[in-house]
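Visitor: One structure, as structure tokens, below. Some questions next.
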Amino acid sequence: MIKKIAVLTSGGDAPGMNAAIRGVVRSALAEGLEVFGIYDGYQGLYNNKIKQLNRYSVSDVINRGGTFLGSARFPEFKDPNIRAKCAEILRSHGIDALVVIGGDGSYMGAKLLTEEHSFPCVGLPGTIDNDVAGTDYTIGYQTALQTAVDAIDRLRDTSSSHQRISIVEIMGRHCSDLTISAGIAGGCEYIVASEIEFNREELIQQIERSIIRGKRHAIIAITELLTDVHSLAKEIEARVGHETRATVLGHIQRGGSPCAFDRILASRMGAYAVDLLLQGKGGYCVGIQNEQLVHHDIIDAINNMQRVFKADWLKVAKRLE
């Protein structure tokens, strides 16, 4: 029977992480467990940055963006000797189990601790990219989506005033959920997803045809890493004769107070993680599917479950262009 658990946040921050930490801490305390916070992710674990938390440690954090525990990327965790030391540090504090909040890289760390050192870990999906398998939504995605839509709305105001074409680069790495959803909600004329081969010439020809039909401005939503959006803007302007500007939303998408959906999702997932650990279930990750909380083997989430590309959503977006 576990008596002490720890929680850490790892990788890129996401709105709602604080709500998830709060969900873990208060649920665990309600079950009579002691809770420890690990500061700065796996790097902080390696450096023994561990502090006991109480219910007041998570007061007034549910509405705050980021993560008060801090986060850091720690590639050294790939070293089995580093992982062995981390497991030793956890046990030196009497900690019996660990909740890890982050993306697929964070899950891998939890998987290895569970496999190599029989240390029970549960993963919560915390990333704005919505690219974690085994869940319909990740913590932070809905807030980042609203941030992107707000930016698109503002760009449309100025683009329509100046007959300008605006390119908006949206985060997501190799998952275009944010781009497609923001593109539909923002009424973007063109959506360029990473899951489909990008054809610059085809895009420019589409814009040219729109201008011939009398289109005075346009918004192009494009997933990051596909192309240099500033060079694309110059090429479009040279070809179609309309002023074209590129806006990279960047890390602004990660910040801000989490929306109600993310606060509730994170709170529920945090409590569910504690329930799993109390049942002796380590090596799992939590998700939400069809409005129900679920858990999967963390190895499956990393290796076997493929994210479903929103091809039908993109088809709808194309019809609305």
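Even glycines carry a Cβ here, placed using N, Cα and C.
Note that the structure is predicted; figures quoted are calculated from it, not measured.
Sharing the record's features from Swiss-Prot:
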- D129: active site, proton acceptor (ACT_SITE)
- 22-26, 55-60, R156, 187-189, R213, 215-217: ADP binding site (BINDING)
- D104: Mg(2+) binding site (BINDING)
- T127, I128, D129, R164, M171, G172, R173, E224, R245, H251, I252, Q253, R254: substrate binding site (BINDING)
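Buried or exposed, and what's around them? Tell me for each listed feature.
Guide: D129 (active site, proton acceptor) has a Cβ environment of 26 other Cβ atoms inside 10 Å.
Annotation note: H217 (ADP binding site) sits in a coil segment as assigned by DSSP.
Sequence-distant contacts (6 or more apart, same chain, Cβ under 8 Å) of D104 (Mg(2+) binding site) comprise D131, V132, A133, A301, I302.
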Visitor: Can you name the recorded positions among T127, D129, M171, R173, R245, R254 whose CA is within 10 A of the CA of R213 (ADP binding site)?
Guide: none
Visitor: If I take the alpha carbons of G187 (ADP binding site) and R254 (substrate binding site), what is the distance between them in whole Å?
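Guide: Rounded to a whole number, the Cα-Cα distance is 22 Å.
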Visitor: In whole Å, could you give the widest CA to CA gap in the substrate site formed by T127, I128, D129, R164, M171, G172, R173, E224, R245, H251, I252, Q253, R254?
Guide: 32
Visitor: Which one is it: of the recorded positions R22, Y56, S59, D129, whose Cα lies the shortest distance from the Cα of I252 (substrate binding site)?
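Guide: Nearest candidate: D129.
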Visitor: Which one is it: of the recorded positions D129, M171, R173, R254, whose Cα lies the shortest distance from the Cα of V25 (ADP binding site)?
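Guide: Result: the closest of the recorded positions to V25 (ADP binding site) is R254.
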Visitor: Can you tell me which recorded positions out of Y56, S59, D129 are within 10 A of M171 (substrate binding site) by Cα, answering none if there aren't any?
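Guide: Close recorded positions: D129.
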Visitor: Counting all other Cβ atoms within 10 Å across every protein chain shown, which of the binding-site residues S59, T127 scores highest?
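Guide: The most densely surrounded of these binding-site residues is T127.
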